[in-house]
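A.B. asks: What follows is a single structure, and I will ask about it in a moment.
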Amino acid sequence: MYFPSWLSQLYRGLSRPIRRTTQPIWGSLYRSLLQSSQRRIPEFSSFVVRTNTCGELRSSHLGQEVTLCGWIQYRRQNTFLVLRDFDGLVQVIIPQDESAASVKKILCEAPVESVVQVSGTVISRPAGQENPKMPTGEIEIKVKTAELLNACKKLPFEIKNFVKKTEALRLQYRYLDLRSFQMQYNLRLRSQMVMKMREYLCNLHGFVDIETPTLFKRTPGGAKEFLVPSREPGKFYSLPQSPQQFKQLLMVGGLDRYFQVARCYRDEGSRPDRQPEFTQIDIEMSFVDQTGIQSLIEGLLQYSWPNDKDPVVVPFPTMTFAEVLATYGTDKPDTRFGMKIIDISDVFRNTEIGFLQDALSKPHGTVKAICIPEGAKYLKRKDIESIRNFAADHFNQEILPVFLNANRNWNSPVANFIMESQRLELIRLMETQEEDVVLLTAGEHNKACSLLGKLRLECADLLETRGVVLRDPTLFSFLWVVDFPLFLPKEENPRELESAHHPFTAPHPSDIHLLYTEPKKARSQHYDLVLNGNEIGGGSIRIHNAELQRYILATLLKEDVKMLSHLLQALDYGAPPHGGIALGLDRLICLVTGSPSIRDVIAFPKSFRGHDLMSNTPDSVPPEELKPYHIRVSKPTDSKAERAH
């Protein structure tokens, strides 16, 4: 059995980085994290009946009388058991003499995962029986007294990392799942990172931690919101999708620097890795520009970063929205690996290849390509067919695969239509080697880039399933993305505009004139923070001029300004220039811990359908309880219910 150690390391710092996030961690890691915040190690046994925790005992405690409380993790042949608490594991010797028969009975008959209290003496393990993999592996407890605090019924699953459980079963019995090493580590690391963020913001930089209301009013645009009925007929509160308006109002109120660990809510339906309620590190500052916000966040992450990971290197690189789309085909690129999109339009200006010629003859037409290193070695024919079918089905685009053989000769259906000079120029531009595969497409710029961006990730997945490591799991690659468009055409009516992010985002200073002539071309002062292909934060400089805010809302977005009259009125009373950002805490901790889902870093998450499987929530409410809210439930027909799911 492997006895992990994590709590003391979390406090005291690691002697070596943990390279595999999937390895069990216990005991010393938690201690290192607290120690890294320059605080003394907390006293875990104050105010309680135990004298020590299971994971803290060492050879320095030999001869001491101790009282321990915990769960029975494992028992062997009624001679010893392993006792577990949040701090770690310790071996307990079951007494065999008749004078201790009552103690033996308790410890031998209590089911695994029962809660017991034992008192005894710390002694050395017999020579040759030490366990170097276990932090307490040099000692054991010679028990004198024992008490069964609570017996455990038959478990729905074993609480061991190597025992596979379905996620539904884990969520149904979440209180048992929380006992696992990995969940303990995830939640304690989350707690310590938040503590260090508070320390950095409030103690070092003068931010004020302020709670904003949870009951608010419906906001125009943005994600769908949860409604909360009131006792006034036909009137509802709304759960805020972010404290956006409140934090701007705090700046108007002169608070200058605001911070909150904010609970937010979005009614987005069934999303595989989203939660209807989530947590963000919410920040707003007065008299700040984009550079100031970025520097603050870089320092915040550097200060709060766990010691068992490689340190955060600042400043983070920055790319514009146009650059990341052209290079990676997405606004949240994973920059841990290459396979960048290359524009090869100039090579084919005079081509005889039909679909390339057709694409280049149209406005914004382009020819793009990505190079899959050693793709000929790892990609199978069915993989290439799958890629081509995906391009046709989802993008209505054609993909042309080119295989490079020995001497980088081309193996492609169009090889005979490509001149030698074109072939050599492509090899130079794409920096290809033998056994590489080039995926080439042609079409409108944004569409071609988006397709290749999807295929870049798909091919990375394929290569990694075949043993090629492209994305180092220990590497954290941050990127700022800036200069987003301020508006996007509405999907349902492309002639109308909607905010690319939210309607309070200030336009780029160089593009303010475009609001009155060509608003579709206006850039915003919005910025996203991307980590390993995931957006972990987003913010902007806000509009602090009431007249400009009214113009954008009423004239460009066709929104009812009465719904935001409180904010517009506040901007009229001397609002300072201000800006802010929100970091998605759940997503950030998920990436830091290497967890497969954000549900693994939340104590009591919802399922992907938004259900709490432990308490069977949401639940129905009897009509008499709805009556004070003037609400009556009208159940949908079967066809409507099916569409809802």
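Cβ from N, Cα, C; glycine included.
Quick caveat, the model's predicted, so the values are computed rather than measured.
Marked as ATP binding site by Swiss-Prot on the basis of similarity to another entry: Arg266, Asp267, Glu268, Glu535, Gly584, Leu585, Asp586, Arg587. Marked as L-aspartate binding site by Swiss-Prot: Arg266, Arg542. Look at Swiss-Prot and you will find Thr219 tagged as phosphothreonine. Feature annotation from Swiss-Prot assigns phosphoserine to Ser242; the stated evidence is a large-scale study or a structure entry. Per Swiss-Prot, region 'Aspartate' is recorded for 244-247. Taken from Swiss-Prot, the feature transit peptide applies to 1-47.
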A.B. asks: Under an 8 Å Cβ to Cβ limit, what residues of the same chain, 6 or more beyond the ends of the region 'Aspartate' (244-247), are close to it?
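C.D. replies: Distant Cβ neighbours of the region 'Aspartate' (244-247) are 212-213, 216, 219, 258, 260, 282, 284, 502, 504, 564, 566-567, 580.
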A.B. asks: Roughly how many Å separate the Cα of Asp586 (ATP binding site) from that of Ser242 (phosphoserine), to the nearest whole number?
C.D. replies: 15
A.B. asks: When you measure from the Cβ of Glu268 (ATP binding site), which residues in the chain that are at least 6 apart have a Cβ under 8 Å away?
C.D. replies: Ala223, Lys224, Arg274, Pro276
A.B. asks: What recorded positions in the list Thr219, Ser242, Arg542 lie within 10 angstroms of Arg266 (ATP binding site), counting C-alpha atoms?
C.D. replies: Ser242
A.B. asks: Grab the pLDDT values for the region 'Aspartate' (244-247) and give me their mean, rounded.
C.D. replies: 97
A.B. asks: So among the binding-site residues Asp267, Glu535, Asp586, who's got the most Cβ atoms within 10 Å?
C.D. replies: Asp586
A.B. asks: Sort the residues of the region 'Aspartate' (244-247) into helix, strand and coil with DSSP and give the three counts.
C.D. replies: 4 helix, 0 strand, 0 coil
A.B. asks: Cα of Gly584 (ATP binding site) to Cα of the residue listed as 'phosphothreonine': how many Å, rounded?
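C.D. replies: Cα-Cα, rounded: 20 Å.
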A.B. asks: Can you see whether DSSP assigns Leu585 (ATP binding site) to helix, strand or coil?
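C.D. replies: Leu585 (ATP binding site) sits in a helix per DSSP.
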A.B. asks: For Ser242 (phosphoserine), name the DSSP secondary structure in the helix/strand/coil scheme.
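C.D. replies: Coil, per DSSP.
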A.B. asks: Give the sequence-ordered list of residues that share a chain with Leu585 (ATP binding site), lie 6 or more positions from it, and have CB atoms under 8 Å from its CB.
C.D. replies: Arg190, Val194, Val261, Phe278, Thr279, Gln280, Ile281
